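Here the structure comes first, spelled out in structure tokens, and everything after it is commentary.
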Amino acid sequence: MSWSISSNQLNIENLLNEESLFFTGNGYIGVRGNFEEKYYDGASSIRGTYINAFHDITDINYGEKLYAFPETQQKLVNVIDAQTVQIYFGEEEERFSLFEGEVIQYERHLHMDKGFSERVIHWRSPGGKEVKLKFKRLTSFIYKELFIQEITIEPVNFFGKTKVVSTVNGDVSNFVDPSDPRVGSGHAKLLTVSDTVIEGDFVSIETKTKRSNLYAACTSTCRLNIDFQREYVKNEKSVETVLTFELTEKAIMTKINIYTDTLRHGDRPLRTGLDLCQKLSCLTFNDLKEQQKHYLDKFWLYADVEISGDQALQEGIRFNLFHLLQSAGRDRFSNIAAKGLSGEGYEGHYFWDTEIYMVPVFLMTNPELAKQLLIYRYSILDKARERAREMGHRKGALFPWRTISGGECSSYFPAGTAQYHISADIAYSYVQYYLVTKDLDFLKSYGAELLIETARLWMDTGHYHEGKFKIDAVTGPDEYTCIVNNNYYTNVMAKHNLRWAAKSVAELEKHAPDTLASLKAKLEITDEEIAEWIKAAEAMYLPYDPTLNINPQDDTFLQKQVWDFDNTPKEHYPLLLHYHPLTLYRYQVCKQADTVLAHFLLEDEQDESVIRDSYHYYEKITTHDSSLSSCVFSIMAAKIGELDKAYEYFIETARLDLDNTHGNTKDGLHMANMGGTWMAIVYGFAGLRIKESGLSLAPVIPKQWQSYRFSIQYLGRHISVSVDTKGTKVNLLNGEELTIKLYGKKHQLTKDEPLEITFNNGRVD
């Protein structure tokens, strides 16, 4: 049923990718799928364990630095390594390694319904000693600090002295690749070991970042199910626990690791972690596996998408949803990085990806988790205000293009700070959350203030010209076209932001007048200012070309030459690695969906013919060099009725990391694309939309499938949607009846009467 991904052969060329694919995490910590015993000398590996939002500060070096360029950036830190376990057999101490001796059997699995990974191995040493080994690991969703390993050693023809060396190592570095702008360069060594402690059966290491003054600690303890001797080897930066025993029967070693840091655990993370490890050390792997299964049963009840007709795509969608869950921050300090907790690509920064591509998944399947992701943005609102002032704005909030703790980390402003649309993207996500939940407390505590401050940014950025409100010198989502006037995406999202700032005031006036009075006083809001938001939204200039019947990406986009795609070698993609930015800026060539994305998010701003013609125009000139693109084109192809094309794009998005189609899975998984896979099904094939008027659906089914099914949460209801070649069925599984739109017509949905619509030759009459 595609609940696992597996690797059944040891492929040296794919080990780096598998480190990302088989990572385990829980939103707080992420552990790459490295081998406990490591590889061979000289082998490439990105050995990593990460704590969400745990970062250091590094300088940004410029050849020429101008006003308001960020001076420093935050960088996700590779923290203490507790994965390592070496095993030695016999008096001569033959070390277990998959790269020596003979591998008789090798299997590797990530169980997405149970929440753990394992390796199953049958190995013969160079000296002929034969054993079976099983390595299991689990990062707990119940105890966020806990990462547990279980190693089973079963004798086949060898019985005798065995030594297991478990290491906790604070001498770790970050991965760097100066040749790839998508990976960090320089600043590899970010941690220093501040303390090593052995207390009873527990070993601890505490480390400190160089400049952010954050501490991270790891406490570890090991136990065996048979008699053994224990000793310790304490070094300056690591501690080894050495377990020696006679292997006469199956031996099972359990290693419990607890991670803590100053952001969540105060100024004594080592002591806190040690106490917690002592408290949890009685837990077995099976105990935690059972708890993990219970947690995931609830997650999959709401989040699972079932596809009948394509096993590979079924595997892909579950894989993507599971890794999104493993990477989603659950506190005010954290969010979802571009690579989640699976790797160091983009240095662990949070982008607009979260709000536009990832929040929708949780919004419709786990609204409480979506809420936590949005609260993170509110927690850095003051820093966004500071950034706006730094950028010359008298009012408003400008959110950083890439960040961890709230400061701008982008050193290349044309494709960074200039992407002002991120503030409107966050506002859009806040509005979607409110429409799906009607959470008035959220609007009172977070939503209205953020919507108002982002609206103020547009009023100070834009200006009126010939009766239209225009926004100059910005960059839209397409990073091959920078610093333009009136980017369609930016303008239409700003329009939405301005409208909803005014609507949020109206909502509070109606439902929470006391809160509104306090907010008006705090932010010094006047009725005249609110009226200006409405006026600017109504006057917003949205570029339109009547000859082509499309929305131009910006004021000058159509004046440029079209890129010579026919004579661009395949090996020159992605273009950003082979052409100077100015070269790209001079042509009509898109890295990713821009105007097409705007037509998805705010489809009511244009009629169907403009959306269709724009899709066809931009499809010809979009490279999809960004992993954020294919899912959007899939959604919009489905909308305009081009199902075969929608399916082609969906295939690309569903297995992008599993098949490493972008060639950089080793640096971490593409989290936005993972959210996009779900969106391509639910927003694309099923046609789901959330608007002020309510929830609407218009499902279609690709000819390659027999059926598909998913469920959503909406206004406290649990709704399932099933689609097959015969038609569509919508069930209300829990909650009060409500009105929804199905294929453009209003229907009352009740528990007793599912809505069923029959297809006629694959279409609705």
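Each Cβ is built from the backbone N, Cα and C atoms, and glycine gets one as well.
Quick look at what Swiss-Prot annotates:
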- E479: active site, proton donor (ACT_SITE)
- W352, D353, K591, Q592: substrate binding site (BINDING)
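Sequence features, as recorded in Swiss-Prot, placed on the structure.
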{"residue": "W352", "record": "substrate binding site", "Cβ contacts under 8 Å, 6 or more apart": "W401, Q419, H421, I422, D425, I426, P477"}
{"residue": "D353", "record": "substrate binding site", "Cβ contacts under 8 Å, 6 or more apart": "I336, A338, L628, M671, A672, G675"}
{"residue": "E479", "record": "active site, proton donor", "Cβ contacts under 8 Å, 6 or more apart": "A415, L576, K591, Q592, S626"}
Practice task
Around the Cβ of Q592 (substrate binding site), how many other Cβ atoms lie within 10 Å? Please give the count over every shown protein chain.
Solution key: 22
Exercise for the section: Enumerate the residues of the same chain, W352, D353, K591, Q592 excluded, that satisfy the criterion Cβ within 8 A of the mean position of the Cβ atoms of the recorded substrate site; list them in sequence order. Expected result: F351, P477, E479, S626, L628, S629, A672
Problem - All-chain count of other Cβ atoms within 10 Å of K591 (substrate binding site) - result: 22
Practice task
Based on DSSP, name the secondary structure state of Q592 (substrate binding site): helix, strand or coil.
Solution key: coil
